[in-house]
Amino acid sequence: MESICEVNFCSVLSRHLLNIFFYSRMMNPAVANEVLTSVENTLRSSPFDFQGARIISGQEEGAYGWITVNYLLGNFIQQRSYFRSVRTSGALDLGGASTQITFESDDFIESEDNSLHFRLYGRSYNVYTHSFLCYGKDQALRLQLANRIA
């Protein structure tokens, strides 16, 4: 079986954290469930603070990226005044198997599938997010290589 997992171990203070990434939305659902079950069984018997695992949607992945970018830029906690409001930044995430675009929108978002609502630091946010599966860097490379071979 080809390698489908990229594992990144890191330690923060005295707490052990484990991030596991794999192209789960590109996998056969039965294989993805088998991988998740194996991960859960392994982590439940380890010293990691494991609280469960699931495959997140592309929209969730985009939203987490958007929140991270704006948190790191300080956009959620900057003071607002009558004359100046703090704008959030959009996020474009080029992953291995997919690309996500996420940004705050004051306009009506036609599809509920692409619309998320958050309340962070006392303010509500309406966010547009869309995930383009198969448009990640690894998928683009595969397509490029396939075109060169053909």
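From the backbone N, Cα and C atoms, a Cβ is placed for every residue, glycine too.
Straight from TrEMBL, the features:
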type     : residues                           : note
ACT_SITE : Glu61                              : active site, proton acceptor
BINDING  : Gly96, Ala97, Ser98, Thr99, Gln100 : ATP binding site
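Gln100 (ATP binding site) is 7 Å away from the residue listed as 'active site, proton acceptor' when you measure Cα to Cα. For Thr99 (ATP binding site), the count of additional Cβ atoms within 10 Å of its Cβ stands at 21 [all protein chains shown]. If you draw a 10 Å sphere around the CB of Ala97 (ATP binding site), it holds 21 other CB atoms from the protein chains shown. Sorted by the number of other CB atoms within 10 A, the binding-site residues Ser98, Gln100 start with Ser98, the lowest. Secondary structure at Gly96 (ATP binding site), as computed by DSSP, is coil.
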